[in-house]
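What Swiss-Prot records for 439, 445, 485, 489 is [4Fe-4S] cluster binding site. Sequence annotations record features per position, and here Swiss-Prot assigns siroheme binding site to 489 based on sequence analysis.
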């Protein structure tokens, strides 16, 4: 069978089976409208019904409930306490002080938890918004120039961009491209404006030239990266543009395609995967290449089995070279050889950083991205107080931290004082804590199998104790991440130690990632308790402290010492 016929057979669906029900849902949704308006008017239930439960994701929301009280409500013959989580669309994570004060006020007055959550998608989330407040939420955001279009669902989601503040023209150029890519790949339907902003209902076909009438087979994630920083974790994303500069000016991008971390417990046809390097493209071809990758995945992705619908599986099914050739054909280009670059670090530089324009930037470590007023540490109030006087902007990072960017010299002391008074600067935070993160998980995430955000702080304290026990200096820390389920939001599958929730109090224990985020870790122990994990870490760190080579990271040591095998090709090696 020729390559062309083989590809056509794959695309026709004859090898992939009947379409998943989500494809019917999207096709019948009237371009993402469904019957969401009718559901909003239904006060009998606090949730969304039938297809609308899925459709609201395309509008940036997930239906959730408080799982801590789910059983008690069931005893009382009550439905779960339904609410929504909203994820804002903020390409590059930049938000103004005026916008910040507005979202702070909304979170305080109209959410069940009174918090703001910075996320690994370089944006913020509201948690615990009840149905009567949903429309107000969207209208509040719209009034300050923010929306949540396409931050969830089978579309291109919030575009990430390296967040270190404007230290060069290159950073600003990269951010501008992140915005352009985001706008270019957005859904064109007017459903969002009609439903949430009371927009005029126009007679229109709502054609989707890039996403198509059935949108994408699965979610799609895009980044813009400035080497050597890999804060956005390129290998967690479907499409990555690696900025290539000449004399400090952006000249184009190396394009990496097919990364992704989600998998399904017990299903060896699912796995985390590094992205493949397609080559270099000049700036003027950036949007054409972005659209070509998206439309190729749109047409070739698996619409039968959603567990195998991501771009990474399409590449492994049809072949990287075949996929790349189709992208070249659609974009009208030939990829050039990749330009040299190196990714060496992922962490945010916490503290003050000087910009080239005489301004200063303060990166604040926000553990797990949760901004809340804790006893003795009113973090959320602290950021709001800074916003009241700040003349620059804020930058949310993909590590769930916050940068106060563009601070003039005369305001440095005042802003630092506010930050310290509210616990936003804590000199007691170790490097280990700064290099650890978790997804939300319980009590709000419906997919969580184990704790993550609530589990991480105390467990990191215990890891700190292990490092101290083995006389390791502060700089010798471990990239440690926890996710409550195998869907990958906490990016644990690019950590030196990654814990994946399996059941309450139990995790799959992965080892062997590296500090730069360019290697997938391998499972070391399955379904073990946190106490067992800590015991294993104690033993392994002891070996690392005594057996390592000079400047050898923990993940590199576990590979060299034969504790786990290196994952080079995920499809072949991850479960081997």
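Even glycines carry a Cβ here, placed using N, Cα and C.
For the [4Fe-4S] cluster site, the Cβ centre of 439, 445, 485, 489 serves as reference, and the other residues of the chain with Cβ at most 8 Å from it are 440, 441, 447, 448, 452, 483, 484, 487, 488, 490, 501. Of all Cβ atoms in the shown protein chains, 23 besides its own fall within 10 Å of the Cβ of residue 485 ([4Fe-4S] cluster binding site). Here the binding-site residues are 439, 445, and the one ringed by the most other CB atoms within 10 angstroms is 439.
The Cβ of residue 489 ([4Fe-4S] cluster binding site) lies under 8 Å from the Cβ of 119, 120, 439, 440, 483, each on the same chain and at least six residues away in sequence. In the three-state DSSP scheme, residue 485 ([4Fe-4S] cluster binding site) falls into the coil class.
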